[in-house]
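Enquirer: For reference, the structure I am asking about is given below.
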């Protein structure tokens, strides 16, 4: 019997000035969702079932940017994307442009299990969800009042994407934009061309190895606030945002375009396979050497029950647990 292990994340690139109560809220959600996965693994569930269940929990809670609480497009709508991969045989499924499916990660799994394809998008994905009998809701279900307000600010401030976890009530557009510029000048870190203080990726993901040594990974997101309609990031792209094989399972978060260019998730597996590096060294190598000037983070588990994570930005919402009783939830280094 192999040792099981699980890692989850709620996004990389965290404003260092994030209010304490928001940090605690995020950690409570991470701890609850992590416990869902731990309970399933203790009961003998497969890695594939666990990653789907955990990401469904994360999609349902509006704390993070996936499912309910997803970031809004320029048109004020939600377009979600997700992927899932089974390390056994490297089977995979992915969806983009989903606007009514309550849990996009479950649609991604149906694409893998019940279709001849690996990736469906927009109307095709929506039609397939209905054919499969998955729960659908009105697009308004995913939209929160807070995100509507942040989209308005983003449009008024020349498309600056404010961190919608930080209330800006009472601040006019000019002062908010000035504050963002000041923060940018102070810390100098930029993700997707935006100061870290106003950037909120908050993609969610899960990587698992079960008691049989099988791995799986899943990632889900609403994308970027005020993004162009039709924009597709790294989360649904196998090998970029998600990857699983016999060596490891990986879920990424951060600058989508940088993750895509570096095929970050697959690279972790590749350096383990071809360079013979252990998991944490492989993660560190890829974060340091493969992102060029991009900023991102990732979680990973190995087929032998190790857990690792890495990021080159300010913080990453994350949690992990192993069969020997270790459990941790964190944000900063």
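The backbone N, Cα and C atoms fix where each Cβ goes, glycine too.
Sharing the feature lines straight out of TrEMBL:
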- 203: active site, nucleophile (ACT_SITE)
- 231, 232, 233, 234, 253, 254, 255, 256: substrate binding site (BINDING)
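I'm curious about the neighbourhood of these features; can you describe it?
Expert: Spatially close to residue 203 (active site, nucleophile) yet at least six residues away along the chain are 9, 10, 11, 64, 65, 66, 219, 220, 221, 233, 235, 241, 252, 253, 254, judged by Cβ distances under 8 angstroms.
Counting every protein chain shown, 16 other Cβ atoms lie within 10 Å of the Cβ of residue 231 (substrate binding site).
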Enquirer: Please find which two of 231, 232, 233, 234, 253, 254, 255, 256 have the most distant C-alpha atoms, given that the record lists them as binding substrate, and give only that distance in angstrom, rounded to a whole number.
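Expert: So the binding residues stretch over 16 Å, Cα to Cα.
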Enquirer: Using a 10 Å cut-off on Cβ-Cβ distances across all protein chains shown, tell me which of the binding-site residues (233, 254) has the largest neighbour count.
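Expert: Its Cβ has the most other Cβ atoms within 10 Å: 254.
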